[in-house]
């Protein structure tokens, strides 16, 4: 069996945490992977007067996005995208979702025909009544089978090797097992399921539920209400995916880390919940709060709520998803958060 | 249709919160219920120099167990058990589980043959390789069909009318609808499912998971690990019930308030989680911690872990439930909490 050549596209907080795991496993499973060199594409920037790629390649640490965590020495930061993927047979996409389109413009025609990919990008591509998961977008643009990984994975915790689980939705069992071998360690358990869409959509839709959970916290509601919101949200996620995607598996939502466990993590910790909590009673808009609390970074959950609302509205189905609808109305239409649980 | 005469057996924190709902609904649905009088059995004790039944009947408030919450005036505290149930056609059991045996000794032969019951008692009756849910125990002793109610229901929150959900596992659809009518309000949503065993067992087994979640907190693990523990725990609960009980429904665990939502609530708030957290690194036994933190009251989760361990051991199946087993070993066998996630 030829050795798989891994390339990692992205080097933020999550990308670097994942590169650490890939470094361990490409060195360990040399029967499967080329363990001599794993290029990692880095969007070049300055860090403390040096190029970030230089910092990573001399210190074997991404001091900007994951300080304090060492990477294997054969993880090599590369500023050039096409050089990163030149020989690669196994591409890991782990960039912010807004960069994907431009990256694919560059990559088209420059990736090996026998390669495969996996996306760890959160979110979903919605344009009016059109919705696509990123795995499908990558697959269509590059012509290579693309799996998806999502789970209850706060990057810093995975990086520190506390016990975590994740889920890979695979295109073929063989691909799934390859990606599992690349990421699994004794403290990072990878489950496999034949459901790329379900796993991908969990990672996007959970953020709407987290906004609802944050409203609960802001309203001073107790844990009965919060648990109810999480349960209802999980079922709306499942219902949505079963209605608009083929062959989605119920287990992805109800039994996998990508589903129930990630909803829990995201509703307990995380910025969507935190900013939504601050929204209640503040008299501020989410734009203002993003400026104040996130240095102007956009909140995923409210954005996804809006996109999904527009999609459902175009389909004439907004009222079939009362929790998603209520989050949209509170976040974007000035509806009083106190109305959160009405009609659920 | 004859009017159902409701009687409530129990008047603690949860019993009183439930009596409040029954008071509202017996007055509202007079086509179904006798709204003139709902007796509530009270274990007579003194409260501030008066009999507790007197306090409840003059102030319409259980000042000892649910202070600050008013009950309907037709909820009548009765110290005599047989008088409480004399005419009743709809019996609500909501006592601490250790009282049930003695209550049934008294009730046997004194309950109407056409009555039905519902149990809100948490826990399960385990004796070695023998396991019974309380609904079956009541049904066998009194010869009346017995449903079960369980859900993400912290009593004080239900009493304060914040949005909550619960699940009733029914014996017949007709019974389920009757109990739903007795308890459901706009802020307390009751789902029905044809699964008495699943709903009952959720209420018992979730406490083992909460102990594991508390260990996580005590060990300083983050939310990835805690979410993973909750997910694994939920699946062990489901697996256990499917292995040892007939006709258990997967949805009770994965989709209902009694399952996933109650696991969430119990692992976020609640004494099992809190005391297990304190156990880690304390050098104390659970007996000592119960003395210090709970005024000597016994913790449900560690007790259930022990009973379930003895049951599984008798069946030769302890190793098939690694999380339940690990909780037992840490709580009772001196195993280091750091080993919690090993072998999961």
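Cβ atoms here come from the backbone N, Cα and C positions, even for glycine.
Under the three-state DSSP scheme, residue B:206 (active site, proton acceptor) falls in the helix class. Annotated active site, proton acceptor per TrEMBL: B:206, in sequence order.
Among the features that TrEMBL reports, NAD(+) binding site is placed at B:10, B:11, B:12, B:13, B:14, B:15, B:43, B:99, B:155, B:271, B:300. Reduced to three states, the DSSP call for residue B:300 (NAD(+) binding site) is helix. For residue B:300 (NAD(+) binding site), the same-chain residues lying six or more positions away in sequence with a CB closer than 8 A to its CB are B:122, B:123, B:207, B:272.
For B:122, B:271, B:272, the entry in TrEMBL reads substrate binding site. In this view, residue B:271 (substrate binding site) is surrounded by 18 other Cβ atoms within 10 Å of its Cβ, with every protein chain counted.
According to TrEMBL, the domain 'Glycerol-3-phosphate dehydrogenase NAD-dependent N-terminal' annotation covers B:5-173.
If you look up TrEMBL, you'll see B:195-341 marked as domain 'Glycerol-3-phosphate dehydrogenase NAD-dependent C-terminal'.
There are 19 other CB atoms within 10 A of the CB of residue B:155 (NAD(+) binding site), with all protein chains counted. Cβ-based neighbour count (10 Å, all protein chains) for residue B:10 (NAD(+) binding site) stands at 24. Between the two most distant C-alpha atoms of the annotated substrate binders (B:122, B:271, B:272) there are 14 Å. In sequence order, B:207, B:210, B:266, B:270, B:299, B:300, B:301 are the same-chain residues whose CB sits within 8 A of the CB centroid of B:122, B:271, B:272, the residues recorded for substrate being left out. When each of the recorded positions B:122, B:206 is scored by how many other Cβ atoms sit within 10 Å of its Cβ, B:122 comes out lowest. Taking the Cα atom of each, residue B:271 (substrate binding site) and residue B:206 (active site, proton acceptor) are about 12 angstrom apart.
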